[in-house]
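Enquirer: Before we start, here is the structure in question, set down as structure tokens.
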Amino acid sequence: MIGRLFRAHGEFCASHPWEVIVALLTITACMLTVDKNNTLDASSGLGTATASAAAAGGSGSGAGSGASGTIPPSSMGGSATSSRHRPCHGWSQSCDGLEAEYNAADVILMTIVRCTAVLYCYYQFCSLHRLGSKYVLGIAGLFTVFSSFIFTTAIIKFLGSDISELKDALFFLLLVIDLSNSGRLAQLALSGSNQAEVTQNIARGLELLGPAISLDTIVEVLLVGVGTLSGVQRLEVLCMFAVLSVLVNYVVFMTFYPACLSLIFDLSRSGVDMSVVREKAKGSLLLKSLTEEEQKANPVLQRVKLIMTTGLMAVHIYSRVAFSGSDYDAVDKTLTPTLSLNVSNNRTESGEIADIIIKWLTMSADHIVISIVLIALVVKFICFDNRDPLPDQLRQSGPVAIAAKASQTTPIDEEHVEQEKDTENSAAVRTLLFTIEDQSSANASTQTDLLPLRHRLVGPIKPPRPVQECLDILNSTEEGSGPAALSDEEIVSIVHAGGTHCPLHKIESVLDDPERGVRIRRQIIGSRAKMPVGRLDVLPYEHFDYRKVLNACCENVLGYVPIPVGYAGPLLLDGETYYVPMATTEGALVASTNRGCKALSVRGVRSVVEDVGMTRAPCVRFPSVARAAEAKSWIENDENYRVVKTEFDSTSRFGRLKDCHIAMDGPQLYIRFVAITGDAMGMNMVSKGAEMALRRIQLQFPDMQIISLSGNFCCDKKPAAINWIKGRGKRVVTECTISAATLRSVLKTDAKTLVECNKLKNMGGSAMAGSIGGNNAHAANMVTAVFLATGQDPAQNVTSSNCSTAMECWAENSEDLYMTCTMPSLEVGTVGGGTGLPGQSACLEMLGVRGAHATRPGDNAKKLAQIVCATVMAGELSLMAALVNSDLVKSHMRHNRSSIAVNSANNPLNVTVSSCSTIS
């Protein structure tokens, strides 16, 4: 019941973050603006009236009271009570003689408290820093700052204390702030993938942490509050500060902190890649420990706390109520306001700004100690702690393993057998060495004892349950059941059993945990393929958002292959500067393209998208040639074409039929639909529209037989003259003029040499080879590199690499170079397919073309096509210059085989070039 209340409270704070934060700030502002003068005046008036009444009563009762109406000492309830309960309370009033209590013992005690608070706060922040998440560390720092602000406000206004007393009060707040709980809640919140999941995670965290924290707060308040009953003014002040620290920390943690977590996620989801933060949060030890089993309170400890709470409440009730009817209380109520007013009016104000500054800047002994501690901690963090401990551990792992091996006395044969048995256990032990140990050091003795330690920590490994029992758990909808309740070995046994319960190709959706599904699939494939153990270890699979891969990019996933991504640029295109991402494993490609960008950007590249249209060409058959000709004529009729276009356009918001080319081959028709597809590459969009158009044509010609939705007249992912002639995708043309000075300084050549090489190589040589669309040097290199980086279909480089590179001598003296690149079939898009993957999406963002254009659909895809064509021009120019200068082999040797020094000047022909990537 209590847990559900905290869960509801957490949902409210997380779903209404602005309201909670504004309400808390409003309350704080009200505390800051409270006018205590009215309260003081009322209290003074009451005290004066009461004193007058007492004086009148005293004079009327006889001479025993004195003519002045002074109350005798006997009426104050005895010396014992007076000494214990003074009428001046140090936390709310200015008391004479209070400064005298700042003796040597007090200075020593407060110095110890301050140093302890600083060290404890430093320890907590270092613990959070080791998690590797700057977001959690920043949120914890925000929590500390806001708590300090509210605590300071309460000290100054709510308790009426002096500003100078903050030097003692703030250290008590640092002592009670527990950043471990705030770190747990922050990581649990940041593990959510959307706002609704974050809200539920915060509510779940408060449900688990709230009851225990609330009980601890009550116990701490009652326990520390006993000090306020001591009658020792200095102790009462310190205990009151501590009590208020506990309360402020609890209020901020239960209200401001969950609202702040929810708000930070909501504001940062468009500007911060939260997947990195979520992966760090999911992989941390804190989040792994935040489970129901770990957070279940110890019943014995809970009972002890309840007993302590009851006893402490009894102490407080007795101490505060027992003397409520005594004479002391009457006198205290009578005299306290008057004495407080007199002291306040007669004492020298120590809270003036100048006095406070002088007092705080005075370097006493305790100030020197605190300063030394702070400086030492800062130096320690900067010079020693702010390093990644993993390299130190890796450097020590070799000597440690050797020392452990040397310390063994097991015979070699037995050791070999045990090594095979404990392969899996040793892997787990190595993992635990990096996650459990706080120190990065180890020795031989600790290494040899790790296996028993593992069994003590993890517990005995349970054998897999029967398959039928595992199936019942897998299909159960009860809480605590489902795939999460099964071990990896049990999932493997279910897959091996066959059936439709957990097929290997759908294991991610069955487990509802894609990364775990990929891990188990790797185990199964490794076993079925009889691979050596660890063969797939170098193929990464962790820390990847597979939800964006499933049903979009790849099936039967085993992991991912990292490809280096470089950039070429700056590239000045149509007045804008771009840094073009290129993913490749071919050395010198990015460097060569970058050199071309440097030459082109002197005067800039101009581009134009001449035509747009994705194609799909179904193949249909008719009973006779005459019937096929009749159908061709019917489709080409303008009125009938509009009917077909209406059916085609009804399948998509962006797909619009633009043209229809029909080729007849006997009784077969090849109908090539051409459509614009917005910012998508559009093959699936056109296929869907073509299918709907064929259905409409079939209504007019029932004897038409659909042979294939794609009849290779499109033509997709194959060299084809029709794409070279009629185009497919985006038809882009770029041009640029390179000055003679740029040719000499950047490319080390001249215009006439480049023009002659282009004529003989790209035109004559391509014609001799019968190349289709190959009138270029190496356009496919740049096209494929940009395609891989931006999430395009890599296989479409076959069609997209069609390029005609032309060069002419320019200007009056013919020393400048005029260059154009025409690419009639660039198939690119900025939405769909691989463009949604995190890395590829980042590269599109780098170019400013991620996703669909907000106002003009299709503009982002056009801009990407223009960038690709301009990048191809840069690569073409640089390679042509390298060819005429004999720099090609030299550059490839330098970038691909740096250990081989090639001296082309002294020995230009005696070089082995078989290891070069590609020489066009």
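Backbone N, Cα and C define each Cβ position, glycine as well.
The following feature annotations were taken from Swiss-Prot:
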- H892: active site, proton donor (ACT_SITE)
- 71-82: compositional bias 'Polar residues' (COMPBIAS)
- 106-263: domain 'SSD' (DOMAIN)
- N37: N-linked glycosylation site (CARBOHYD)
- N342: N-linked glycosylation site (CARBOHYD)
- N346: N-linked glycosylation site (CARBOHYD)
- N443: N-linked glycosylation site (CARBOHYD)
- N475: N-linked glycosylation site (CARBOHYD)
- N797: N-linked glycosylation site (CARBOHYD)
- N802: N-linked glycosylation site (CARBOHYD)
- N896: N-linked glycosylation site (CARBOHYD)
- N910: N-linked glycosylation site (CARBOHYD)
- 385-498: region 'Linker' (REGION)
- 499-829: region 'Catalytic' (REGION)
- 12-32: transmembrane segment (TRANSMEM)
- 107-129: transmembrane segment (TRANSMEM)
- 136-156: transmembrane segment (TRANSMEM)
- 170-190: transmembrane segment (TRANSMEM)
- 208-228: transmembrane segment (TRANSMEM)
- 237-257: transmembrane segment (TRANSMEM)
- 364-384: transmembrane segment (TRANSMEM)
Enquirer: Measure from the Cβ of N475 (N-linked glycosylation site) and count the other Cβ atoms within 10 Å, all protein chains considered.
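Expert: N475 (N-linked glycosylation site) is surrounded by 11 other Cβ atoms within 10 Å.
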Enquirer: Please compare the glycosylation sites N797, N802 by how many other CB atoms fall within 10 Å of each one's CB, and tell me which has the fewest.
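Expert: Each of the glycosylation sites N797, N802 was scored by Cβ atoms within 10 Å; lowest is N797.
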Enquirer: Can you tell me the CA-to-CA distance separating N475 (N-linked glycosylation site) and N797 (N-linked glycosylation site), as a whole number of Å?
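Expert: Between the Cα atoms of N475 (N-linked glycosylation site) and N797 (N-linked glycosylation site), the distance comes to 45 Å.
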Enquirer: Determine the mean pLDDT over the domain 'SSD' (106-263), rounding to the nearest whole number.
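Expert: So the average pLDDT across the domain 'SSD' (106-263) works out to 70.
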Enquirer: Using DSSP and collapsing to three states, where does N802 (N-linked glycosylation site) fall: helix, strand or coil?
Expert: coil
